[in-house]
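Before any comments, here is the structure.
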């Protein structure tokens, strides 16, 4: 939904002045010195075209890279919302590069919302951001989020506040009502619209949202996905050995798929894809070229080193226990 605001008036232009007549000089006398020409008034700056205003100077391109910890925080804040609150809002934190905006963290901001007005605890948001900067100095304010699938008039007012905190902030909506049996996640950036001398509005243009994760986040996401197959939606934590076994099984399944794809391409069942071929070639080049004999020798050497460290640790523990008993005598 677009909110309207008064448009700035165009710059006033001074009317052109009529030239003044200069009396003719008498015959035989030197002509009077010419008066210095008055400097021309500066030309008014050209107005920005509407297409440029609609595109907006989005600093990170048109892609928003979203981490799963942000979604978990938003859903958790919605579950813990105050009684009677229809939605929750909060601040998005992250980094910006030339190609995308990466949202890595967020925190909720208390607010009260009614049909006529909205009040946001701006002091709380400022204090929370100062605390976050002490922990993660590289994270900056990227925009704000809200639960729900609609952009209301109050969203425009809140977006104006975040426009003072960040240049062209993004607005992330998370549909916690689960319409169409899924959680819709969309990102927008605002752009002014209107004509000179008339009221202006704000239009929210959508952005591309991509989901990314760190290795540690991937472990948590995989564990959460296992709850889909549990009858009571509860699953215990796996041991280190079980996690290694699960990772090895996934790698084996992936290698089986890659080998099957290569065989299908060689037999002509599947058309070759140059992009996939280059990706597989880069992946193969990253694997160190070690002969089986050298790999076995290296593995046995590492095992011997590990056993030696374990033996020394147990020996040290025994010496400490013996020393404590001798001191107690």
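Just so you know, the numbers here start at 1 and follow the chain as drawn.
Cβ atoms here come from the backbone N, Cα and C positions, even for glycine.
As recorded in TrEMBL:
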- 1-48: region 'Disordered' (REGION)
- 8-18: compositional bias 'Pro residues' (COMPBIAS)
- 19-28: compositional bias 'Low complexity' (COMPBIAS)
- 29-48: compositional bias 'Pro residues' (COMPBIAS)
- 64-194: domain 'MPN' (DOMAIN)
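Mean per-residue pLDDT, taken over the domain 'MPN' (64-194), amounts to 89. Using DSSP to sort the residues of the domain 'MPN' (64-194) gives these counts of helix, strand and coil: 42 helix, 48 strand, 41 coil.
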